[in-house]
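What follows is a set of notes on a single structure, which appears directly below.
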Amino acid sequence: MISSYKYNPKLYFLSTFVVTYILWFTGAYLSFSSTYSGIYMLIMLPGLMAPFIISTILIAKSKNNELKKDFINRLFNLKLINLKTIPVVFLLMPAVILLSILLSIPFGGSISQFQFSGGFSFSTDFVPVLFLLLLAATFEELGWRGYAFDSLQSRYSLFKASILFGIFWSLWHFPLIFVNNSYQYEIFNQSIWYGLNFFLSILPMGIIITWMCLKNRKSIILAIIFHFLINLNQELLAITQDTKIIETGVLFLVAAAIILYDKKMFFEKLG
C-alpha cells in the first residue's frame, strides 16, 4: 500500500456493493423472464466488473502518481512473481480437493469423485462458462488487489484485514443465489447447507489468496491466475457438495497453517 495516500475503504466497499447489488438483483429478475432471459448477462457482467471499475475510478481520481504507478506495476510487472511459489499456485487447490475426496470416503463418499466431471456445475445462456470463470477471477482481483485490500490493510493488521476482506468478499456474492442457473442458485436449491457452505468457504480462500499475493510482492496478475485456477479446479472433478463441505474444513486448516507459518506478518502492528 502507498503510505502517502489516504485510502477510503468505506467509500470503496459501499460503492462496490451498491453497484453490484443493483445490477445483479436486476439481472436475477430478468433471468426468470421469458422475454429478457437471453440478455440478463448483459446486466450481470457490469456487476461483476464493479470491484475493478470502482477501484479504477478511485485510483484515477486520487491525484497520487505513486498510487497509479504502483497499480500499473503490480498489474504488468512479471518480475514481481516469485518463481518458488509457482508449484503452490498450481498444486495447492488440486491437493486440497483430492484430500477432501479421500476424507469423504469413510463417510460414504464415492470414489467416482476422482473422475473428471465432464462438464460444468452450472450454465449461462450468454457467456461460455470457462470464459466466465476467467472474467470473474480477472475483474474481482483487479478490484480486490488494486484497491480494496490495501484500503483495509491501511487501517488494520494483515490478520484483521484478511478476515474483514473474506467477509466482504463472501457477502458480495449474495445476489447470485437469486440468479437462474447460477452455481449459487443451483446449490441453494439442492440444500441451504450447500449454499451456506459456499459463502463460508470464501473466508479461508480470501486468506489463502491474500497470502499468495503478498508472497509475490502483491502481483495482481499472479492473484488473477491463482484465483482462476481455484475456480477451474473446483469444476474439474466430480466432487459432490457433501465433499465440498469437507473441503471447506480443509481450507480453514490450510489458512490456519499459513497464519501460524507467517504469524509475525499477520499480526504485525501498524506504524
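Just so it is clear, glycine is given a Cβ too, placed from its N, Cα and C backbone atoms.
With helix defined as DSSP H, G or I and strand as E or B, the topological domain 'Extracellular' (1-9) counts 1 helix, 0 strand, 8 coil. What Swiss-Prot lists as topological domain 'Extracellular' is 1-9 (among others).
Annotation comment: Swiss-Prot describes 10-30 (among others) as transmembrane segment, evidence class experimental evidence.
Marked as topological domain 'Cytoplasmic' by Swiss-Prot: 31-38 (among others). Predicted-model confidence for the topological domain 'Cytoplasmic' (31-38) is 82, expressed as mean pLDDT.
What Swiss-Prot lists as transmembrane segment is 39-59 (among others).
Taken from Swiss-Prot, the feature topological domain 'Extracellular' applies to 60-82 (among others), supported by experimental evidence. Counting same-chain residues at least six beyond the ends of the topological domain 'Extracellular' (60-82), those with a Cβ under 8 angstroms from any Cβ of the stretch are 2, 4-5, 142, 145-147, 215-222.
Same-chain residues lying 6 or more positions outside the transmembrane segment (83-105) and placing a CB less than 8 Å from one of its CB atoms are 111, 113-114, 208, 212, 215-216, 222, 225-226, 229-230, 233-234, 237, 239-240, 242-244, 246-247, 250-251, 254. Sequence annotations record features per position, and here Swiss-Prot assigns transmembrane segment to 83-105 (among others).
The topological domain 'Cytoplasmic' annotation in Swiss-Prot covers 106-125 (among others) and rests on experimental evidence. With DSSP classes pooled into helix, strand and coil, the tally for the topological domain 'Cytoplasmic' (106-125) is 6 helix, 1 strand, 13 coil.
Here the transmembrane segment (126-149) has long-range neighbours at 7, 9, 12-13, 16, 38-42, 45, 48-56, 58-59, 71, 74-75, 120, 161, 165, 168-169, 209-210, 213, 218, 220, 223-225, 227-228, 230-232, 235, meaning same-chain residues at least 6 beyond its ends whose C-beta is under 8 angstroms from one of its own. Here Swiss-Prot flags 126-149 (among others) as transmembrane segment.
Around the Cβ of Glu140 (active site, proton donor/acceptor), 24 further Cβ atoms fall within 10 Å across all displayed protein chains. As annotated by Swiss-Prot, active site, proton donor/acceptor applies to Glu140 (among others).
The topological domain 'Extracellular' feature in Swiss-Prot is assigned to 150-159 (among others); the stated evidence is experimental evidence. Under 8 Å from some Cβ of the topological domain 'Extracellular' (150-159) lie the Cβ atoms of residues 1-2, 6-9, 12, 165, 210, 214, 259, 265-270, all in the same chain and six or more residues away from its ends.
Summarising the annotation, Swiss-Prot assigns transmembrane segment to 160-179 (among others).
Under the heading active site, proton donor/acceptor, Swiss-Prot lists His173 (among others). DSSP assigns His173 (active site, proton donor/acceptor) to coil, not to a helix or a strand.
Sorting each residue of the topological domain 'Cytoplasmic' (180-192) by its DSSP state yields 9 helix, 0 strand, 4 coil. Taken from Swiss-Prot, the feature topological domain 'Cytoplasmic' applies to 180-192 (among others).
According to Swiss-Prot, the transmembrane segment annotation covers 193-213 (among others), on the basis of experimental evidence.
Summarising the annotation, Swiss-Prot assigns topological domain 'Extracellular' to 214-219 (among others).
Look at Swiss-Prot and you will find 220-237 (among others) tagged as transmembrane segment. Residues 71, 74-76, 78, 80-81, 85, 89-90, 93-94, 97, 101, 113-117, 120-121, 129-130, 133-134, 136-138, 140-142, 144-146, 205, 209, 212-213 of the same chain sit 6 or more residues outside the transmembrane segment (220-237) yet have a Cβ under 8 Å from a Cβ within it.
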Exercise for review: Using all protein chains in view, find how many other C-beta atoms are within 10 Å of the C-beta of His227 (site 'Transition state stabilizer').
Suggested key: 23
Revision key, fill the gap. Sequence-distant contacts of the transmembrane segment (160-179), meaning Cβ under 8 Å and at least 6 residues beyond its ends, amount to 13, 16-17, 20-21, 24-25, 27-28, 31, 40, 44, 47, 51, 144, 148-149, 152-153, 185, 188, 195, 198-200, 202-207, 210-211, 266
Check your understanding: CA-CA, which of the recorded positions His173, His227, Asn231 lies nearest Glu140 (active site, proton donor/acceptor)?
Key -> His227
